[in-house]
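The domain 'N-acetyltransferase 1' annotation in Swiss-Prot covers 11-151. Residues annotated as acetyl-CoA 1 binding site in Swiss-Prot, with sequence analysis given as evidence: Leu81, Val82, Ile83. Swiss-Prot lists 154-337 with the feature domain 'N-acetyltransferase 2', giving sequence analysis as the kind of evidence. Here Swiss-Prot flags 210-246 as region 'Disordered'. Annotated compositional bias 'Low complexity' per Swiss-Prot: 221-234, in sequence order. If you look up Swiss-Prot, you'll see 235-246 marked as compositional bias 'Gly residues'. Per Swiss-Prot, acetyl-CoA 2 binding site is recorded for 275-277, 282-288, 314-319.
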Amino acid sequence: MNARVEHRGRLDEREVAAVLTVVEAATEADGVRPLNEHVMLHLRYGGDERAGAVLLYVGDDLAGYAHVDPTDPVEGPSGELVIHPAFRGQGHGRHLLEAVLDRTGGRLRLWAHGGHPGAEALALSTGFTKIRSLWQMRRSLFAAIPGFELPDGVRLRTFAPGSPDEEAWVALNAKAFAHHPEQGSWTLEDLKRREQEPWFDPAGFFLAERPTGSGDGDVADGGSTDGGPADSGSADGGAGEGGTGDGNRLIGFHWTKVHGDGGHGHEPIGEVYVVGVDPAEQGGGLGRSLTLAGLSHLRARGLAQVMLYVDESNTAAIRLYEKLGFTRWDVDVMYRK
């Protein structure tokens, strides 16, 4: 049966439901979700109007979907695609990828999640080269978790949705991940979208803060993210940039996440979702302490395992996580043409 390709800007509810069916079928077959969190949020809530979709139909059945993001003028367009397992091995992946390349003028950065051999074969056979690897690392939560101490004067508490914490976190996150645009470009709207997700739990979103006037720094540096604005300090420590509205200044954070049964095809698993630390605090062990606080929280929730994502090139972070008991589990690969 002949396949046909249709291009879309926004998908309607029926099309979104069909795409989610394809995604879940692929997740069940492969043991890894084929689309990253950003694309899934775009599907559910909409996103940048410049992003688009390519749908591949075989007869009346949706056989494949591609998300195309043309918003990076420097690195060029990026994309992710998925083929329903029932339609694999029939040339539909190549057909869909060629349609995406036609849309982007032949230039594309393509993510393949889980290092799937079929995705690698397709990418290499169509002239792509591998440019980036993102490790997934895991650790048992049954193993001992080291104790930790916070630096002098630092207080640890949890995030309060709908409060000045939101803008303070966005500010620190942007500086923390200034060289990681996927994470550092998050806006207040991006944060609020995640607050609406079923997995969001402020009890697992830890903030480290100092009273205003304590310490020197007002610039942030980054930690680790999932599948990464202006100053993080505030002159008065109130609800200004970096201030949390209670006379304190945000200097670090650890946002944890719990994936349910459907997310990874197995029992629920925790995630070190995002960690960020003010560079004025570096060398004092704050990042390590924040990480361990999150691990202790996830274990207290009864979880058996925790995962995180880290760029293969970030050897310092990999060494830190290895010292905390994490080992490599899987890899996501980016290809470019």
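Glycine too: its Cβ is placed from the backbone N, Cα and C atoms.
Bear in mind that the values here come from a model prediction, so they are computed numbers and not experimental data.
Features per Swiss-Prot, on structure.
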residue : record                    : Cβ within 10 Å
Val82   : acetyl-CoA 1 binding site : 26
Ile83   : acetyl-CoA 1 binding site : 27
Val275  : acetyl-CoA 2 binding site : 24
Val277  : acetyl-CoA 2 binding site : 27
Gly283  : acetyl-CoA 2 binding site : 9
Gly285  : acetyl-CoA 2 binding site : 15
Gly287  : acetyl-CoA 2 binding site : 24
Asn314  : acetyl-CoA 2 binding site : 17
Ala316  : acetyl-CoA 2 binding site : 8
Ile318  : acetyl-CoA 2 binding site : 18
Completion exercise
Excluding Leu81, Val82, Ile83 themselves, the acetyl-CoA 1 site's Cβ centre has within 8 Å the residues Val22, Ala26, Pro34, Gly64, Tyr65, Ala66, Glu80, His84, Gly93, Leu96
Fill in the blank from the handout: Residue counts for the domain 'N-acetyltransferase 1' (11-151) under DSSP, helix then strand then coil, are 55 helix, 38 strand, 48 coil
Practice task
Provide the three-state secondary structure of Gly285 (acetyl-CoA 2 binding site) computed with DSSP.
Solution key: coil
Practice task
Using DSSP reduced to three states, classify Asn314 (acetyl-CoA 2 binding site) as helix, strand or coil.
Solution key: coil
Problem - Set of same-chain residues at least 6 away whose C-beta sits under 8 angstroms from Leu81 (acetyl-CoA 1 binding site) - result: Pro34, Val54, Gly64, Tyr65, Ala66, His67, Gly93, Leu96, Leu97, Val100, Leu110
Fill in the blank from the handout: Rounding to whole Å, the Cα atoms of Ala316 (acetyl-CoA 2 binding site) and Val82 (acetyl-CoA 1 binding site) are apart by 33
Completion exercise
Cα-Cα, Gly285 (acetyl-CoA 2 binding site) versus Ile83 (acetyl-CoA 1 binding site), nearest Å, comes out at 44
Exercise for the section: Round to a whole number and give the Cα-to-Cα distance in Å for the pair Ile318 (acetyl-CoA 2 binding site) and Val82 (acetyl-CoA 1 binding site). Expected result: 29
